Amino acid sequence: MGDIIELEGHLTVDGKKFCLLLSRFNSFITERLLEGAIDCIVRHGGKREDITVARVPGAFELPLVAQKAAKSGKYDGIVCLGAVIRGSTPHFDYVSSEVTKGVASISLAYDMPIGFGVLTTDTVEQAIDRAGTKAGNKGWEATISVIEMINLLDGM
């Protein structure tokens, strides 16, 4: 028996193009997620001119624009950023579920790494914590996952 082949994505960006999709709803949170995503790309060797930011009205619109970006062939990776905060109606459940399913299906359909940086929280405080304060920045975390997956898929 031969040696085992191990594949692992590296955390470097070399000439890769990114599309960052940002929900404008809850922008006081999502703009912080965007800052984290851009910082992550730049700190890992990416150039600001290789980043496209597209703003959509709300999280529900993210899958459609992610599909358009994936279909365009212009990008190596996509990161979806948003904040869905639970209210007193079932709207939260419908939106968070459909956004999650939509983003996952597009990633699979186009063999495209898509980072899921959509916060789904019970409170505004939880969202703020995850947008760069107590619980890190989920925009950064979604982006580092995309960087790793781009490099892993390139090696396959």
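Cβ coordinates are placed from backbone N, Cα and C, and glycine is handled just like the others.
The 5-amino-6-(D-ribitylamino)uracil binding site annotation in Swiss-Prot covers PHE25, ALA59, PHE60, GLU61, ALA83, VAL84, ILE85, PHE116 and is backed by sequence analysis. According to DSSP, ALA83 (5-amino-6-(D-ribitylamino)uracil binding site) is assigned to a strand segment. ALA83 (5-amino-6-(D-ribitylamino)uracil binding site) counts 27 other C-beta atoms within 10 Å of its own C-beta, drawing on all protein chains shown.
The annotation (2S)-2-hydroxy-3-oxobutyl phosphate binding site is assigned in Swiss-Prot to SER88, THR89, ARG130 on the grounds of sequence analysis. Applying an 8 A CB threshold to same-chain residues 6+ apart, the list for ARG130 ((2S)-2-hydroxy-3-oxobutyl phosphate binding site) reads LEU119, THR121, GLY136, ASN137, LYS138.
Under DSSP, HIS91 (active site, proton donor) is assigned to a helix (H, G or I) in the three-state scheme. Under the heading active site, proton donor, Swiss-Prot lists HIS91, citing sequence analysis as support.
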Which same-chain residues, if any, lie at least 6 apart from GLU61 (5-amino-6-(D-ribitylamino)uracil binding site) yet have Cβ under 8 Å of it: SER23
Fewest Cβ neighbours within 10 Å, where candidates are the binding-site residues PHE25, PHE116: PHE25
Residue among the binding-site residues ALA59, VAL84, ILE85 whose Cβ has the most other Cβ atoms within 10 Å: ALA59
Structural state of PHE60 (5-amino-6-(D-ribitylamino)uracil binding site), classified by DSSP into three states: helix
Collapsed DSSP category at PHE116 (5-amino-6-(D-ribitylamino)uracil binding site): strand
